């Protein structure tokens with residue numbers, strides 16, 4: 001099983017599937033289609049049925065029930081795209097038999113995965129790790145999840161003695177830019193419950209997510225030759241800087257944890273005439289979330305009072321909501337996942353997602369979908385890695401969930 005997981009993850013990782021928030025297509029990038037078509041062929045090869053890809057790149061497949069009992073149809077999902085935070089081109093995964101200490105990812109560039117900066121690394125002594133080469137992200141988020149689902153389905157097909165109901169599988173595009181389920185056909189997927197395999201370290205089990213919004217704030221100034229600019233030039237960049245300075249410094253991602261929400265300035269672009277600032281807003285509490293959006297709007301109003309109505313324009317949209325509200329009424333699905341982990345001597349770590357998953361949106365579309373660990377660490381950057389042993393445990397958790405649904409029906 002470990003060899004299958006290694007081969008699958010490395011193969012998937014080498015396909016550049018970074019999404020693009022500026023694209024209007026679904027999937028947002030051609031590379032996602034490349035992986036989707038590859039996975040379609042692989043699903044057929046391992047023996048899955050009802051394999052379909054729609055015009056938007058949503059790949060679905062079925063493992064038919066092998067039981068005559070009335071077992072709820074469950075689903076497992078992972079996303080094919082990787083994050084835009086760091087380059088995902090020419091990913092060159094490395095396999096490390098880790099014996100402790102620091103890992104030199106790239107000797108030439110002096111990129112070191114250190115136990116000082118990442119103390120959790122020490123706990124992986126004796127594990128086989130898949131790392132980056134220090135120049136790209138790895139893409140274990142969420143290609144480790146794809147590998148785990150694929151390997152679990154292959155195992156169940158090869159072991160028909162394991163009783164299970166109908167299992168649906170889906171691989172989806174554009175999760176990293178918040179559009180994952182936007183065109184997902186829940187009725188076509190036709191599962192009663194589902195799980196995303198999109199978490200991090202061993203034991204993560206999550207059914208709470210952020211409420212999330214994104215804001216694009218455009219500042220308009222007046223560009224004049226600097227030699228004759230007195231009393232004429234209005235520098236949009238300076239107005240943007242004044243706006244940014246209004247946000248509480250301690251309410252940023254680098255200063256928050258647990259249930260603490262934040263404002264996150266993700267990018268700035270512009271010149272004297274026009275500057276664009278992009279924020280994301282996050283909070284687990286719905287009321288606090290709405291208050292944060294109101295605060296941003298108030299800061300914009302303050303700018304208008306000082307510089308005029310046309311000096312600033314805010315476009316803000318909600319991206320997803322906390323899935324807890326939709327999962328708590330069917331919390332048995334969380335308990336089943338927890339039991340599956342405990343049967344493998346895994347201690348479930350039930351904590352809120354400081355982010356979102358496709359399950360955040362799917363839960364509001366009528367498909368309650370908690371999130372399960374992949375075994376990965378340090379997603380979205382050059383220090384990303386995943387434990388092969390913990391990938392195997394994630395795979396066995398998927399198998400265990402399928403077995404428990406059958407046993408409890």
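Cβ coordinates come from backbone N, Cα and C, glycine included.
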Candidates 79, 255, 264, 284, the one Swiss-Prot lists with 141, 198 as binding Zn(2+) 1: 79
8 Å Cβ shell about 141, 176, 380 centroid, Zn(2+) 2 site members excluded: 82, 83, 85, 137, 139, 142, 379
Cβ within 8 Å of the mean position of the Cβ atoms of 79, 141, 198: remaining residues of the chain near Zn(2+) 1: 78, 142, 145, 175, 176, 196, 197, 357, 358, 374
Euclidean distance between Cα atoms of residue 81 (active site) and residue 176 (Zn(2+) 2 binding site), Å: 7
Residue 175 (active site, proton acceptor) and residue 380 (Zn(2+) 2 binding site), distance between Cα atoms, whole Å: 13
The one of 176, 198 whose CB sees the fewest other CB atoms within 10 Å, among these binding-site residues: 176
Pairwise CA distance, residue 141 (Zn(2+) 1 binding site) versus residue 81 (active site), rounded so that it is a whole Å: 8
